[in-house]
Structure formats: C-alpha cells, structure tokens
C-alpha cells in the first residue's frame, strides 16, 4: 500500500507502520490467532467507507446516504451465510468478544446460569472468566478437559449440565487442539432444555473449508471472529437460525453498539469472497498439514504436546519437562524472531501471567507459503533455542534465512 501522504502528515505513525511491517516480514509468526490479510482486504479497510455513519441495518438506517454501504453489508451477510450454510448473519460486531456478549444480551438476564469451558483448559475470557463482563453479569459454571487425556469429557459435561440446568451452553475454545463434537453438545443442550452457542472464532476457516464439523448444523447461535483462520479484517460476526434473527440484530444494535464500521464490513465481504474460493480450501488443508508436521517434529525433539497432538491449526506445548516457563519461552523465542504466546495448560501450577505452556499455530506461516519441510526447520529453531539459549546468534540466522525465502507485502 502507498503511504506517501501519511509519511508527510504524520512521520511518527508512518515509522510505526514501517517498523511493524519489517517485524512481520522478518519474524516467524506462530501466534495461533494471527494471520496476514490480502492487500485487497487492506484496501477495503483503508477506503472512503470509513467516513459513513450507518446506524441500523440495510434498508432500515437512521441516517441518509446509506445506499452504497447497504450493498457492502448485504454482500458481507450473503457471503457469510453461503460460507457456513447459515440462515441469518450479523456482520456488525466489532470483535468476537462483542459477538459473544451480543448473544448473551439477546437471550440471558443478569444472573442466569451458563455452562462454558474453563479458560485455563482452553476456553476464552468471554466464556465466563470472573475478570470478564461475562463472568460478572451471569452465573457461569465451567467444564474442562480430562486430567490424563486433556480431551473434553462429554459425560462430565452432561453430568454438570443436568446438575445446574443452564439456560445456555457455550462450546468452542481458544486453546484446544482437538476437534469438538458439536452434535454431542447439541444432545446435552436438548436434554436440559438449554440454548447452544458455539464460538468458532479459532476454527472458522477450517469449518468454511469443510475440514471441521460445521457448528451451524447444530447450534442455535454461532459466533466468530473474522480474522484468525478466516483471514479477514479484525472483527466479529454472528450466525443463527432465522427465528432468532430479530433478537440478535436488536442485541447488537441498539443493544451493544452504535454505528457499524462500514470500511471493516466491506473488508469482511472481501475476505468472505476469498474464503469461498477453491484456493482457500487448499490453504486450510495446508494449515492442518503444517500443524500436524510441526507437532510431530516437536515431539521428536522432546516436547510434550497437550492431548498428544492436534486436529486443527494449533498446538499447545507443555514446557515443564524443558524447565522453562511459558513467559520465559515467549521472551526467548521473541529474541530470535519467533512470535508465540505464553498459555496456561490444563491444571497449570503456574499463574496465567507466567504459565507452563506456549500456544503455537500455523495459519500465518502457511499464508506466507510455508509447507511441511519448513515446519521441520521451525521445529529445529524452537528446539535449539529452548534447549540451548546460548546459541541465539545461530538461531537468529536460521530465522532470517527462512523468512527471506517467503516474501510478505512486497
């Protein structure tokens, strides 16, 4: 993109963008929730659509002059529905968190009981963490994973659900490397008379490509981010049955948000069109292949993988046998140009600020064009610096050499 005007108008921000672009080009990006959008998506986000206020929904706005942005929002909604075979879509949530809170606001009253996945077992802040508004306004009870297998014990979920009789069950995760059985969650929800919401933010791209069970076939409400594996702009969306459409739309506007971000909604539309292409399916297939290969290679280097491996785009590493915390591993890897995030592991003895693990994912490196052979190199980089932190210069050179093979925004 051309930043000639910005360079003159605001040299400080121009410099931030240049340095961040350099960092992205020169680093191996392994944060599972990050990706690299196309230039077409960025162009839509940087367009004149940012100037337009459009409170309301297409055809029912509170401002005049919305004829063109209505087209953009309709395209985004229609493409998203086609992508996931859904009856209704709301593309206005500014984030995945807003999408989740929007569903809660639509169907719950303060104090209602909800069953969600424990944050330290792979859930998300908005699934009832006590530090989040979800855990403050609603009575969240959590389920987790088995202590030995690190898999969801659906019979335990059923037992808890029958005990507490929640109004809503939330499925989905931010750090769970295995496939989730949405059909079983539907059966449990029906058994106790609960709504079922699935947060598919992390796996949306895999679902769109037909590589993971589609939660829209089972859930009353499905929320997602539009970035991560979906490779769109930062934002959120809600999919639901047509019978819930009005209550969901009302919960987002005027319930939770005011004016939608029309430039971002246009960028969402662009990314959804990209996701409907055959190339996108091939990309998602490679994401999974890369994650599986990276996991195998890390295991061969003595790393412990939570649940023993992965079915999706991410890996959760238990670093206790390496005598390093997640916090220190994140810092050490960052020093050589590998970006990961510290992450709690199930039944973690460390605090969330320290952690015993790191979460890594393959969406961003796959977007750059990396394949299985490159995962062998990445595993060597991670293994070498964790086991031999004194070899920082050598490993930094390995990172530089790998990144130079795969151009980014050039």
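Just so you know, glycine gets a Cβ as well, placed from its N, Cα and C.
Sequence annotations record features per position, and here Swiss-Prot assigns (6S)-5,6,7,8-tetrahydrofolate binding site to 119, 123, 124, 125, 351, 352, 353. Sequence-distant contacts of residue 353 ((6S)-5,6,7,8-tetrahydrofolate binding site), defined as residues of its own chain at least six apart whose C-beta falls under 8 angstroms from its C-beta, comprise 327.
Feature annotation from Swiss-Prot assigns site 'Plays an important role in substrate specificity' to 227. A C-beta separation below 8 Å, combined with a sequence spacing of at least six in one chain, links residue 227 (site 'Plays an important role in substrate specificity') to 33, 34, 35, 37, 233, 234, 235.
Look at Swiss-Prot and you will find 228 tagged as N6-(pyridoxal phosphate)lysine. The DSSP secondary structure for residue 228 (N6-(pyridoxal phosphate)lysine) is helix. Within the same chain, residues at least six positions away from residue 228 (N6-(pyridoxal phosphate)lysine) with a Cβ under 8 Å of its Cβ are 32, 33, 34, 35, 201, 202, 204, 205, 363.
In three-state terms derived from DSSP, residue 124 ((6S)-5,6,7,8-tetrahydrofolate binding site) belongs to neither a helical nor a strand segment and is classed as coil.
Of all the Cβ atoms in the protein chains shown, 23 others lie within 10 Å of the Cβ of residue 124 ((6S)-5,6,7,8-tetrahydrofolate binding site). The Cβ of residue 123 ((6S)-5,6,7,8-tetrahydrofolate binding site) has 25 other Cβ atoms within 10 Å, all protein chains considered.
Set side by side, the binding-site residues 119, 125 differ in how many other CB atoms lie within 10 angstroms of their CB, and the most is found at 119.
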